[in-house]
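Student: Pasting the feature list from Swiss-Prot:
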TOPO_DOM  1-147  topological domain 'Cytoplasmic'
REGION    1-48  region 'Disordered'
REGION    66-113  region 'Disordered'
COMPBIAS  88-106  compositional bias 'Basic and acidic residues'
TRANSMEM  148-172  transmembrane segment
TOPO_DOM  173-530  topological domain 'Lumenal'
CARBOHYD  Asn216  N-linked glycosylation site
CARBOHYD  Asn315  N-linked glycosylation site
Amino acid sequence: MRRLWGAARKPSGAGWEKEWAEAPQEAPGAWSGRLGPGRSGRKGRAVPGWASWPAHLALAARPARHLGGAGQGPRPLDSGTAPFHSRASGERQRRLEPQLQHESRCRSSTPADAWRAEAALPVRAMGAPWGSPTAAAGGRRRWRRGRGLPWTVCVLAAAGLTCTALITYACWGQLPPLPWASPTPSRPVGVLLWWEPFAGRHSAPRPPPDCRLRFNISGCRLLTDRASYGEAQAVLFHHRDLVKGPPDWPPPWGVQAHTAEEVDLRVLDYEEAAAAAEALATSSPRPPGQRWVWMNFESPSHSPGLRSLASNLFNWTLSYRADSDVFVPYGYLYPRSHPGDPPSGLAPPLSRKQGLVAWVVSHWDERQARVRYYHQLSQHVTVDVFGRGGPGQPVPEIGLLHTVARYKFYLAFENSQHLDYITEKLWRNALLAGAVPVVLGPDRANYERFVPRGAFIHVDDFPSASSLASYLLFLDRNPAVYRRYFHWRRSYAVHITSFWDEPWCRVCQAVQRAGDRPKSIRNLASWFER
């Protein structure tokens, strides 16, 4: 599956990397499988050992006798790559570890047996043809000075480079453009925001943002005055405001409300909304070339009224889905070489982390999968809950980010599980705050399209909540292994999407790039709910 974060590049400069390099490498295999004395909630309770962990986590934590060795302890765990089992391959792993942390998802990992077989082969002399008797016997065969490599080797090398380039293009060529990717042409475009997202229909409009200053997108004319409807090349409709309250479409089809009773928000009756949308789709003479953009940042489980929207009513979609016409995720990683990046030494020191697991939840619902999993996990490890409802306590005055920064792990549990639905719970509450996210949402492969595999822990990697708890406690006792979950900070920084101005500017950018190509959405509900 294609990933949406760029290639890693190690920046210069010192920071927490020096602290990590000087830290002692503790041996995970020395853990006995039972909790020793420690903080409250972590002692006196038996938990499963490495046998119940996923293969790529358990192999590195086994004692040496389980790997066929003798007298040597296991190597520290690498959450980003599978461990190697031979001494020669272990040296290779230590030399290539930074590159392997961000290896492409387009290539499968090499089985451990292959590494053992490779380590057992005799060393081939440099320049000797593959399969020659000299190479098989481990001898050396010298070429005459000045001749260089045979032409067959050069041809094979060129063919290999060509194949690599083609595979790279196939894996990366069709990715949706990242928001910081390329400069934008300066074609003048007017974009009208029909309602401000999450602010309600009748809130006072804020001044439009400067897209050139915020996102280096020029030629944008952002509009809030509905009298400018005929001048706009695109009109944004926020789904939540679209399906609540009386119909409020562009004139002359919209119903204008004037009294307090009329502006009271309510979910439209299905037949009423469907009839209004169908009439609008079939009889609306829009200005030439104008696009209606459906905008939504909620999951299908929390998007009522989808099926009441008529076919061909909208031209584009704007959402967190990567296959939207305008892709605006809740956040993303970008290379630190980008101008204005914060300094690289941002990994929080372990001395400030006084708690183990934190969770901030605003809507408590016992029917949700995240609440059910919390009840299972809290039986084996202490979880401090903040927010409204359930066992939550108020967020301290220092704020959410500073509170989460005091914990080693954060439960980035989504309220529903859908494709690409990865919200601020991962980007802001965990990655930006400096805690290792434990995620519950779409599958691991979906997460790895947006973040490196070694930057998070997925609940699906473990057969049970008790097995996950044992792994979290293992990381708590092995700080050198825990720090590996912050390797991505060497090369990337976190961008948090602003839902006031960023969708506005991204639509302007998309119109500039698309030109006058016509399009309409035939069945919005079937696309979004799949």
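Cβ coordinates come from backbone N, Cα and C, glycine included.
Quantities reported herein were computed from a predicted structural model and do not represent experimental measurements.
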Student: Other than its own, how many Cβ atoms are within 10 Å of the Cβ belonging to Asn315 (N-linked glycosylation site)?
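Tutor: If we count other Cβ atoms within 10 Å of Asn315 (N-linked glycosylation site), we arrive at 20.
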Student: Just counting, how many other CB atoms are there within 10 A of the CB of Asn216 (N-linked glycosylation site)?
Tutor: 14
Student: Please report the distance from the Cα of Asn216 (N-linked glycosylation site) to the Cα of Asn315 (N-linked glycosylation site), rounded to the nearest angstrom.
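Tutor: Roughly 25 Å, rounded to the nearest whole number.
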